[in-house]
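Trainee: Here it is: the structure, laid out below.
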Number of protein chains: 2
Amino acid sequence: MITPIFWIVPIASLLALSLAFFFYKQMMKESEGTEMMAKIASHVREGAMSYLKQQYKVVASVFVVLVILFAIMAFGFGVQNEWVPVAFLTGGFFSGLAGFLGMKTATYASARTANAARTSLNKGLQIAFRSGAVMGLVVVGLGLLDISFWYVLLNSVIPAEAMDPTHKLSIITTTMLTFGMGASTQALFARVGGGIYTKAADVGADLVGKVEAGIPEDDPRNPATIADNVGDNVGDVAGMGADLYESYCGSILATAALGAAAYVATGNVEMQYKAVIAPMLIAAVGIVLSILGIFAVRTNENATIKNLLRSLAVGTNLSSVLIAISTFGILYMLQLENWFWVACSVITGLLVGIIIGQSTEYYTSQSYRPTQRISEAGKTGPATVIISGIGLGMISTAIPVVAVATGIILSYLFASGFDFANASMGLYGIGIAAVGMLSTLGITLATDAYGPIADNAGGNAEMCGLGKEVRKRTDALDSLGNTTAATGKGFAIGSAALTGLALLASYIEEIKIGLIRIGQTVLNFADGREIPIHKATFTDFMYYYDVTLMNPKVLAGMFLGSMMAFLFCGLTMNAVGRAAGHMVEEVRRQFREIKGILTGEGEPDYARCVEISTKGAQHEMIFPSLLAIIAPIVTGLIFGVTGVIGLLIGGLSSGFVLAIFMANAGGAWDNAKKYVEEDNLGGKGGDVHKATVVGDTVGDPFKDTSGPSLNILIKLMSMVAIVMAGLTVAWSLF
Amino acid sequence: MITPIFWIVPIASLLALSLAFFFYKQMMKESEGTEMMAKIASHVREGAMSYLKQQYKVVASVFVVLVILFAIMAFGFGVQNEWVPVAFLTGGFFSGLAGFLGMKTATYASARTANAARTSLNKGLQIAFRSGAVMGLVVVGLGLLDISFWYVLLNSVIPAEAMDPTHKLSIITTTMLTFGMGASTQALFARVGGGIYTKAADVGADLVGKVEAGIPEDDPRNPATIADNVGDNVGDVAGMGADLYESYCGSILATAALGAAAYVATGNVEMQYKAVIAPMLIAAVGIVLSILGIFAVRTNENATIKNLLRSLAVGTNLSSVLIAISTFGILYMLQLENWFWVACSVITGLLVGIIIGQSTEYYTSQSYRPTQRISEAGKTGPATVIISGIGLGMISTAIPVVAVATGIILSYLFASGFDFANASMGLYGIGIAAVGMLSTLGITLATDAYGPIADNAGGNAEMCGLGKEVRKRTDALDSLGNTTAATGKGFAIGSAALTGLALLASYIEEIKIGLIRIGQTVLNFADGREIPIHKATFTDFMYYYDVTLMNPKVLAGMFLGSMMAFLFCGLTMNAVGRAAGHMVEEVRRQFREIKGILTGEGEPDYARCVEISTKGAQHEMIFPSLLAIIAPIVTGLIFGVTGVIGLLIGGLSSGFVLAIFMANAGGAWDNAKKYVEEDNLGGKGGDVHKATVVGDTVGDPFKDTSGPSLNILIKLMSMVAIVMAGLTVAWSLF
């Protein structure tokens, strides 16, 4: 069933894509500056593209295996939806495409930003920010386009006559939900591989360059410097984009499935339809208003860092406020049941996102005491820097968790009519809160992707020896990027947590469809009651599978889930350690063997370092990635649905807190070092500075590899469970 | 109801106490060696005692407040058991007494061990180990004595005529369970305060002494060296003892309550009685066989470290095997229903404990690759040492968690007759597995407490400049202590996890009694069913409170529980950082102001450093401790029983994994440094060594403060919930 209002969704997505294309073309018209600037940019671009190609090859082979597996499950054993094998591919393809386009734009933009900074600060900001906006718009545009496409297709091909209409919509939404796994798998490799790449290069470059050879960051004499700049693109642009593409699609699809579920029992097909398209409409409106925000970002010539921050804040705040207001409007127009309170759930999500962002800024910015205290701990050496950073990171989990917990309760209560027993509407409320948080993604992701562009522009300016005035401008742009990167990380984690919850709730819907597929029609309870499956509520399923907290399968699952978060983190930490070790050896070798490299007479072999990072990342990403995919499958085969839910919730609750801890500790260490470099506590080169450099190096994999990879783990395990639901209900050991 | 077989329990406890007294007397007969040795030992002893007195003062004031609160709840509002205010005190008193006696013995034993080492290695081992055994025996002896006393008392004062006999036993066991909170509260301050003290002194001493002044460990010129030795006693003896006292009593009491609950519905009072005393009997038999093991520990003159380890292993393994066999015997004699399989649950617990210990050794000993790899990471500086240590710690969580998860499933299945639906017997199985794991506590704790005694003996020998041969012997004893300390930590965490689960399960029993106390007699369900409370099963209560994983109150509680584990850790980490900072300043001040201190001519002001650590620890322990007590109360007041269970399980699953991570990372860093000091990778004083010293310093609060404190958090939150159950059922916001 498709009514006119639905068409807002594909139109908004096309609008986003057109604008992205326009921004891209505009940026390409600018000059790249001197020949050397262009040359360095092309080095970075080629390195990044060659990495991405390598990664796509690995991902493609994983996809082939999985598609065959899904096809066997679907057509051989009938425990899988027949659309999944194809749809899995489109999700993966669009996610990969978004990463590719965003990164390509970013790598073209860096030299142009540096060159524009020779003219003025505002010009530099415009180019960098609008190029970042390409990423934001491509992600939301392709995401909504994929969703619209499948929604229209499935609506027309699934025969309505054969079944109850509420059942039809329920099948459509649960089928669409499984598409998310394609995006999830793509995101997994992008985040983990990109994360390992970027930090292997960064840590390697820092350890030998800064610490041993004593040359500054981004110095052209350092052979790892190009790899380091490549890393920013593959990790922070492509990786972050794929992560949020997944959250974006996942939250919309999960909420649609929950919306369909909420109205199956009532038979009110019109309201069901409205509940299904509500999250898509909110996302569509969010796109339009994000675009408005993007245009509002501008600054004047003599802008300070504060002015710059304010101009970005103007854009995002404007979008947020407008979305909050419009949500009431669009849900009112849609005449969704209980529209006012459902809109309040959306606003709750938006607010939780803002609170997490603010708290991240407080705990990681050198303008506030917590980070300054880490710098001060440097007076007694690196050990106390590490201890106080870990302490800060752990303490910093309190505000985000309380915000999310409150958000869960409120969004549930609002949407359920303040009735805890009304789980189907309550969970819909949690889902739509996630959509609310992510509705600003067009502009939030623009500010995120802006960071690495500005960073690379700074690197380009440094390597090409541009004037002091230009360096000052690119430094200002870079510094702004560091702050937006930190808040962006908080936003990515928060949205992953809410999306993870929405996915977890919609897992029950997949179980329902899975049971129907294998021919079960009623739920039989021990006390003799029988409930027809398509009338069963969430609570009925919880009792049917005995998903209570005293079931040993749930308990075992939860312990395993918590452990998975730590294990996954530990594996990625060690991966960075090993890959960085190879990089260190290579840089040392070049310093030793290439004559005149430190005097600037000999040219370092940049390509070799890029190659080492690429190989290291490709090699190291395989094991943790496969583990994340396999864990929920094995748990399902042993402990069934009950154990899987335990695993997911254990992984979600521990993983969320662990991710915040790691991101904030890492961010704070980074800025504690910056604080010292701003001529505090002895300034650059002093003992305190050396101590904080150790903290910064430890923080690199915390904030850019392991921490962000947890976002994926949280969502991916749910996605795998969802796609494997058919198998899990058909067979398990216990 | 008390039958003859029960009297084994108090008899075993008195046997343990007598033997402890005998060992103490024997040790006191030995000479303390030279005058200087006696003087240094008395410095340490006085420092430790003065710390303990300070701590008891703080604890006493907290106890006064809580007793008043409980009395008001019990006699004013009728939402609390009337016995709790008194029994709370006995639990706290006995736990404190055990810590006091154990630590007093330890501080008398150190100089005597050093002196005995002048004669022979075996003599040194005997004195140190048997003095450690005093701690082990006092803990199990006082624990079982307290339990026996209250069991006999309540059996005689609670009128049997007035009620159903199964109900009577149920009331007795749930009342006794609340006594555990006294022990929990005492343990909280002992672990947190002791942990902060010991690491503030250690980190402070190391940072200035080893790193800045370049003088070796335990050098008498270092003013913090006495405080450091005091710290070993207050943290690793008194703190560890209180922690395990709590686990020991908690697991026995929780299992007794679960045993009573399992037979309430059947009305089989004889079997109920057997299920209640079974855990006590297993513990009693464990005491006797631990004593046998203690006597089996001896070594010959030319023992290597391997021989020493083997002689300790002979003792503990002998005890474990005998306990495993005897468990079948005692449960057969008791004619407990399903005795064979219940005994299998006990063995499961024992095995899980052993697996955790082995895996801890693998991941933290420098004889194996994981720790050696950390040392190798030192080649690229301190940052990579930290990264690889954190990676190792996180990865090392896998085996213990899988072991515990498997243990949960197996012990549940065995005791429940392989029926997942039989929750009452299944949970009893999990409880008795915890008792099984802790049944060897008499000897395991002896090996734990041995560690700090040997460490202090080494310190004493160093400070008094005893001969090289003696130093070699005390070094061997000390090194042995480091290994037992690491496995002991694993054991403490594993037992805390299982005990926490048993407490969590028995929480439902307290809810039941709480409901009855406020006059509710049936559980009313939404679908009209009514179940009389005293006939309701675990599953009924789960459904009544809707403790399913899709309830937002459960979800919010779980997020908050996970966060609590991190927050608590972060607060204790920072506390160590701050307290160590004060110590560093003081040591620097003394080096600066006291003339001739570094040449050995001036005497450092040891007492001032002891005072600073004491004050720091007392001051810093308050906030995290109160937070741990208050969190479950506030959660209960807001989210009711449902939210509390979520909080507990979230805290338990995250806290357990986090605790293993921190303990193992810390242990591995410590030994990675030792590995370098054993003349690997450049040996002492090289760059790799310097890098690993940073790791060791970071690891100190990981393994000795924050990690172990989590054991308490896991159990304490459950205990608080149990004691507050009456209030929670009477009133909550949602």
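Keep in mind that glycine also has a Cβ here, set from the backbone N, Cα and C atoms.
Automatic prediction, not curation, is the source of TrEMBL annotations.
These came from TrEMBL, pasted as-is:
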- A:6-24: transmembrane segment (TRANSMEM)
- A:58-77: transmembrane segment (TRANSMEM)
- A:83-106: transmembrane segment (TRANSMEM)
- A:127-151: transmembrane segment (TRANSMEM)
- A:248-265: transmembrane segment (TRANSMEM)
- A:277-297: transmembrane segment (TRANSMEM)
- A:309-333: transmembrane segment (TRANSMEM)
- A:339-364: transmembrane segment (TRANSMEM)
- A:385-414: transmembrane segment (TRANSMEM)
- A:Ala485: site 'Determinant of potassium dependence' (SITE)
- A:554-576: transmembrane segment (TRANSMEM)
- A:621-639: transmembrane segment (TRANSMEM)
- A:645-665: transmembrane segment (TRANSMEM)
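Let's see these features in context: how buried, what's close, how far.
Mentor: Nonlocal intrachain contacts for the transmembrane segment (A:83-106), taken as residues 6+ away from its ends with a CB within less than 8 angstroms of a stretch CB, comprise 20, 23-24, 27, 45, 48-49, 52, 56, 59, 63, 66-67, 70-71, 74, 131-132, 134-135, 138-139, 142-143, 145-146, 149-150, 154, 175-176, 178-187, 190, 233-234, 237-239, 241-242, 245-246, 249, 449, 452-453, 456, 723.
Using a Cβ-Cβ cut-off under 8 Å and counting only residues 6 or more beyond its ends in the same chain, the transmembrane segment (A:277-297) has close neighbours at 5-6, 8-9, 11-13, 15-16, 19, 125, 129-130, 133, 136-137, 140-141, 143-144, 147-148, 151, 248, 251-252, 255-256, 259, 311-312, 314-316, 318-319, 322-323, 326-327, 330-331, 334, 336, 342, 346, 431-432, 435-436, 438-443, 446.
Beyond its flanks by at least six residues, the transmembrane segment (A:385-414) meets 341-342, 344-345, 348-349, 351-352, 355-356, 359-360, 363-364, 370-371, 373-374, 377-378, 420, 426-427, 429-430, 432-433, 490, 493-494, 497-498, 501, 656-657, 660-662, 664-666, 668-669, 672, 691-692, 694-695, 698-699, 702 of its own chain at Cβ-Cβ distances under 8 Å.
There are 25 other Cβ atoms within 10 Å of the Cβ belonging to A:Ala485 (site 'Determinant of potassium dependence'). A helical conformation is recorded for A:Ala485 (site 'Determinant of potassium dependence') in the three-state DSSP classification.
Counting only same-chain residues 6+ beyond the ends of the transmembrane segment (A:554-576), those with a CB under 8 A from a CB of the stretch are 192, 195-196, 199-200, 203, 547-548, 616, 620-621, 623-624, 627-628, 631, 635, 639, 642-655, 658, 662, 700-701, 705-707, 709-710, 713, 717.
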Trainee: Within the same chain, where does the transmembrane segment (A:339-364) have neighbours whose Cβ lies under 8 angstroms from its own Cβ atoms, ignoring anything closer than 6 residues to its ends? I mean 6 or more beyond.
Mentor: 278, 282, 320, 323-324, 327-328, 331-332, 370-371, 392-393, 396, 399-400, 403-404, 406-407, 410-412, 414-415, 417, 428-430, 432-440, 483, 486-487, 489-491, 493-495, 498, 663-664, 667-668, 670-671
Trainee: Report, as numbers and ranges, which residues of the same chain sit near the transmembrane segment (A:248-265): CB under 8 Å and 6 or more residues beyond its ends.
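Mentor: Those are 91, 139-140, 143-144, 146-147, 166-167, 169-170, 172-174, 176-177, 179-180, 183-184, 271-272, 274-280, 283, 424-425, 427-428, 431-432, 434-435, 437-438, 441, 495, 498-499, 502-503, 505-506, 508-509, 512, 534-535, 537-538, 715, 719, in sequence order.
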